[in-house]
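For reference, Swiss-Prot has these:
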type    : residues         : note
BINDING : D449, D460, E572 : Mn(2+) 2 binding site
BINDING : D460, E558, E572 : Mn(2+) 1 binding site
Amino acid sequence: MLGFRSPIRLCKLSALGSTRLLPISRPKLFSTAVARYAADMETVNTTKRLARLRQLMQEHKIDVYIVPSEDSHQSEYIAPCDGRREFISGFSGSAGTAIVSMTKAALSTDGRYFNQASKQLDSNWELLKRGVENVPTWQEWTTEQAQGGKVVGVDPALITASGARSLEETLKRNGSSLVGISQNLVDLVWGKDRPAPPREKVRVHPDKFSGKTFQEKIADLRKELEKKKTAGFVISMLDEIAWLFNLRGSDIPYNPVFFAYAIITPTKAELYIDDDKITPEVVAHLGQDVVIKPYNSIFADAKALSEARRKEAGETASKFLLSNKASWALSLSLGGEEHVEETRSPIADAKAIKNEVELAGMRACHIRDGAALIEYFAWLENELVNKKTVLDEVDAADKLEQIRTKHDLFAGLSFDTISSTGPNGAVIHYKPEKGTCSIIDPDAIYLCDSGAQYLDGTTDVTRTFHFGKPTELEKKAFTLVLKGLIAIDTAVFPKGTSGFALDALARQYLWKEGLDYLHGTGHGVGSYLNVHEGPIGIGTRVQYTEVPIAPGNVISDEPGFYEDGKFGIRIENVIMAREVQTTHKFGDKPWLGFEHVTMAPIGRNLIEPSLLSDLELKWVNDYHAEVWDKTHHFFENDEFTRSWLQRETAPITK
């Protein structure tokens, strides 16, 4: 699943060597469904909502109001009750910032969502395309609106401390100011229609899957805190808390996390969570090692803890560690910048390097997940081509989920399945909805990006198929993307190399044709946790220069190509970084490479063998042989699927 953006313009497929696209035959039923495509991206009339928000802004004496996407834990994916930016703007993508002045409103988002946002925003909104030349950032737009000593407001729980400071400094130079408003104004506009916060029970994640007890993890964390000479660590990121305590929850769809905070000091471990989420099993699991406290007492406790520390040690008091993703509100509760050390979380670094138990779980769950995908694609082709069944995108996605549920340790999906036919595949984060989605056309490209949660790991895989006869242009585009995937998969590089440095390997073949894609090449993947996991990744984000790829990292490898209004192509495998043996060891340092764990055939009729080198063709055939070896036993009593798999994994020749 696509996690991160790349600020580069989309190019046209005509650059592949033709000035026009060959016509794609579509039955009338498909054409009708595509005509309804815009309905899937319905706009919401935000006039009344904006009017009410502006009334509240006047009452609070602010001129500009910022509405981030994130919740108070800076989560990428959020619970329905935290969908404030979507409520006020109508834009449902996972990333973006809304800004409202007394006369204007703007929505900033990245390249994954340009198409979607342009369809969902009504006439009240201006779309700020992030990374596009001559388009202001949301910070620049805000500063422009706040000229002349105006006041900008934001909920301090929804913006990072560093983000607030940066904006505050910019506004000061403009004679303006930033204020935190603890009562969220969008919540007041939303009123009684706002969904209730989730109240699901928390579950213990057994050590046989985590590979390490929570006591061992806390001990390791305390060693890191001792090295940094800090008074303690206040933790706000939900996946970090779930990982640290070997607990899982259901508060955010598809992400097995729960709303909580934690404070770890040299002598205490405190978990801040609503009491009604705690079961006797969790109490027994945590035992005497962890004190459970009310969720809403975190800010008061953090303030008291910091003040007590300063009173005891005076000016020499050591600072509290806080993630650089933590909220402005949490930083202020600890006394602000001078009493806090903001840094990349040591838990994020530790979590990103999977232990041997987690790596084994990743391998195992991807084989089971691959079997589900094989059964699904065999079924889908048979329904569309042989039975002539009319299926829409949601019908297909539901069938895939149904198949996955049959496999051991299945615990749900890891994100909304992107089941997309024809032009819908060009919408990078397309979300089909029953009643407005398209009928799947067997004579068009079908892109399916999906993933699942298993107790032993998390999967994320994209496959692009054509169940008819693809055009030469479609085959060429697909093969260029495949070459990029292979380049990352087979890369060998010295320890200390970042994902930023590797990114060009995936893009090089598209670049040679003057083409590109508007998203990152890879993101970290959690172990029965969030499908998007930092701090590592492969892409052009500056953050990726700061964290080198390390053995044990689990990352997606997912180059793509998108022709707006026509089709999308993406191929995605999950890969694991590991040390590799090389003939030489320049610099006397370890050399790294990748091991792929995704096991599903790559659409063979979209591959143009003449565009592959001999080594690339060998990689494809070796990969398909591995898929066959590891999955065919699932279909001993299913001759149809077994035959389909055998056909799709047979050697390809030039």
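Every residue, even glycine, has its Cβ placed from backbone N, Cα and C.
On the structure: features taken from Swiss-Prot.
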residue : record                : CB count, 10 Å
D449    : Mn(2+) 2 binding site : 26
D460    : Mn(2+) 2 binding site : 27
E558    : Mn(2+) 1 binding site : 29
E572    : Mn(2+) 2 binding site : 25
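In the three-state DSSP reading, D449 (Mn(2+) 2 binding site) counts as strand. Nearest by CA distance to E558 (Mn(2+) 1 binding site), out of the binding-site residues D449, D460, E572, is E572.
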